[in-house]
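K.L.:
Here it is: the structure, laid out below.
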Amino acid sequence: MNQNADFCINNVNIATMRSTKQTENDPYGIRENACIFIKNGLIDAIEPAKRRLSSTIKTFDAQRKWLLPGLIDCHTHLVFAGNRALEFEMRQQGMSYAQIAQRGGGIRSTVNATRLASYEGLLNSAIGRAARLVEEGVTTIEIKSGYGLDLATELRMLQVAKDIESYLLVNIQPTYLGAHSVPFEFHEDPDAYVDFVCEHVMPEVIKQGIATSVDVFCESIAFSPVQCEKVFRSAKHYGLNIKAHVEQLSDLKGARLAAKFNALSVDHIEYLPPDDVPAIAKSNTVAVLLPGAFYHLRETQRPPLTALRRHHVPIALASDLNPGSSPVASLLTIMNMGCILFGMTPAEALSGVTRNAAQALGLAQKGQISSGFDADMCLWDIQHPNELSYGINQIRPTRVWVNGKER
């Protein structure tokens, strides 16, 4: 028994999601009737349940509820102004996402609204969106910029993202997504905008320390592989991690390019050819699937799940919460969509929002319940962990801890 723990949770069933404990018969890494000890914000030890515990240790009796790692939403765009409900109506009338973007809608319409928004306005709306994720047991959220596309607004977005931590007990991981769309002022010279991203904004992001990763949108309506490679080289120069939106609408070999630069993740990948999957596996890059966008855009091309499984590529799931293609502020719903729309198992879906989502963000101490890991945990009143993927808007965690602190 650990006498020096800050607190313990006794009589608890645990889905550790540890890769070393997972088997074909037990993909959740289950420890039943256990006692977990927390010290200094970390998981200190997991032992069999205790009949008696020291009176000096603060103890929670879980009554055989289930303890799971805190959920991780590893791909969001939740800092923005305005909405795109009109574009949703246009799509329902037959116009495609690409056609709307070519007419100046899409990302550019959100850019116009976001540039006009104040810091306070952006912060208040972002807190509301993040709070909806948090109430479902999300303890870490990645948030991208990309709706400013100028120096001042991009920096403001990243600062807003980080400042959410002052209002909600949640870990925020800001990502600089300058190469999201070509802004109007550069529409005649997209290469000059890429230079602006690499030579003017990225150094300031580093100087202010408000992002640890860089993302790009490699697509025919956004940036070419050549342009994305320039962003990647600049990111490597500044010591930033790489993530990439690739193969969402077409196959430009963006995933192969990202893997060449050892990207943390390649996201969307509906049009990823199975023959390109080995390159992702070799670079240990996570495949982040975004069924919310697939659903909202009524796409039909599914990610190559069979090939990803065959080559043991880690698969994550994320909300892609954004105003245009995935206005979905529910990671639990995304888990269900991953199963129903993409054919994932409930265990794969849970791995996708815990262990694999942590890997997609380069967070080696999150996403699993194991000694030495951050004490990001949720207690659920369920019969089995597969219930998280089973229903829609039915359950919420009864208790949540972030870095050992209870919400």
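Cβ coordinates come from backbone N, Cα and C, glycine included.
As the structure is a computational prediction, the values presented were derived from the model and not from experiment.
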K.L.:
The 4-imidazolone-5-propanoate site in Swiss-Prot includes R84, Y147, Q248, S325. Which of H180, H187, H311, H312 is also listed there?
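P.N.:
The candidate from H180, H187, H311, H312 that Swiss-Prot ties to 4-imidazolone-5-propanoate along with R84, Y147, Q248, S325 is H180.
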K.L.:
Determine which of D163, D320, D374, D376 appears in Swiss-Prot for the same Fe(3+) site as H75, H77, H245.
P.N.:
D320
K.L.:
In Å, how large is the greatest distance between any two Cα atoms among R84, Y147, H180, Q248, S325, the listed binders of 4-imidazolone-5-propanoate?
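P.N.:
This binding site's residues have a maximal Cα-Cα distance of 20 Å.
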K.L.:
Reported as an integer number of Å, what is the Cα distance between Q248 (4-imidazolone-5-propanoate binding site) and H77 (Fe(3+) binding site)?
P.N.:
16
K.L.:
Taking only same-chain residues 6+ apart in sequence, whose CB is under 8 Å from that of H77 (Fe(3+) binding site), what do you get?
P.N.:
I143, K144, G146, Y147, L177, D320, L321, N322, P323
K.L.:
List the other residues in this chain whose Cβ sits within 8 Å of the Cβ centroid of the Zn(2+) site residues H75, H77, H245, D320, in sequence order.
P.N.:
T76, K144, D267, H268, L290, A293, A318, L321, N322, S326
K.L.:
Taking just the CA atoms, what is the gap between H75 (Fe(3+) binding site) and S325 (4-imidazolone-5-propanoate binding site) in Å?
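P.N.:
About 13 Å separate the Cα atoms of these two residues.
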K.L.:
How many Å lie between the Cα of G324 (N-formimidoyl-L-glutamate binding site) and the Cα of R84 (4-imidazolone-5-propanoate binding site)?
P.N.:
6
